[in-house]
């Protein structure tokens, strides 16, 4: 998700180190210590303006959430939500999703959310897709054995690619929704993108895939 540059975003986020983690590599293997409890850790890669991860954290205080995004201005919008209504179980990281092993220890994360990731439709950009095998290999390292990825998109091509990528990697496809908003799925929290696309009548796809413990 791209947004207009927000003047002063860096200075704004620096004022709230209790929410936006500075030097996240020093918390590798110690995220539960950072949260002050032993609750499960769920992360969202590409958390955008933060609606999904914020509402999840609000609905599930028994789980620790971490929203990850590289874009400074957009992460500052997610921070707005925490400043207005603080939650003790949500942290924000401005880091690259390709380098997660620098910030999380092996088997430290319980679940990964991928919501409306960039589809990178051109074949030459396949390696940039967050469901490409190299990203899955990184995800598998930081996830606990039998850890899961929950993936949502409006892009049918990316969805079909991701189902294939999960299967080729050896993951178990637990559940699939080909039209999420017209299904019996309960508790769905919409992202900003999801609300925009669904209001146009676009179908939303969802899958839950699990790594197989080795």
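Keep in mind that glycine also has a Cβ here, set from the backbone N, Cα and C atoms.
As given in Swiss-Prot:
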- 118: active site (ACT_SITE)
- 44, 69, 96, 118: S-adenosyl-L-methionine binding site (BINDING)
- 122, 154, 191, 192, 193, 194: substrate binding site (BINDING)
- 124-129: region 'Interaction with RNA' (REGION)
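For the pair residue 193 (substrate binding site) and the residue listed as 'active site', the C-alpha distance works out to 11 angstrom. Note on the region 'Interaction with RNA' (124-129): residues 117-118, 135, 158, 161-162, 165 of its chain, located 6 or more positions outside it, place their CB under 8 angstroms from a CB of the stretch. The separation of residue 96 (S-adenosyl-L-methionine binding site) from residue 122 (substrate binding site), Cα to Cα, is 21 Å.
For the recorded site, residue 154 (substrate binding site), the DSSP three-state label reads coil. Residues 122, 154, 191, 192, 193, 194, recorded as contacting substrate, have a largest CA-CA distance of 25 Å.
Same-chain neighbours of the S-adenosyl-L-methionine site beyond 44, 69, 96, 118, judged by a C-beta within 8 angstroms of the site's C-beta center, are, in sequence order, 45, 46, 47, 48, 68, 70, 71, 97, 117, 130.
In this view, the densest Cβ surroundings among the recorded positions 44, 96, 118, 154, 192 belong to 44, judged by other Cβ atoms lying within 10 Å. Residue 44 (S-adenosyl-L-methionine binding site) sits 15 Å from residue 194 (substrate binding site), counting Cα to Cα.
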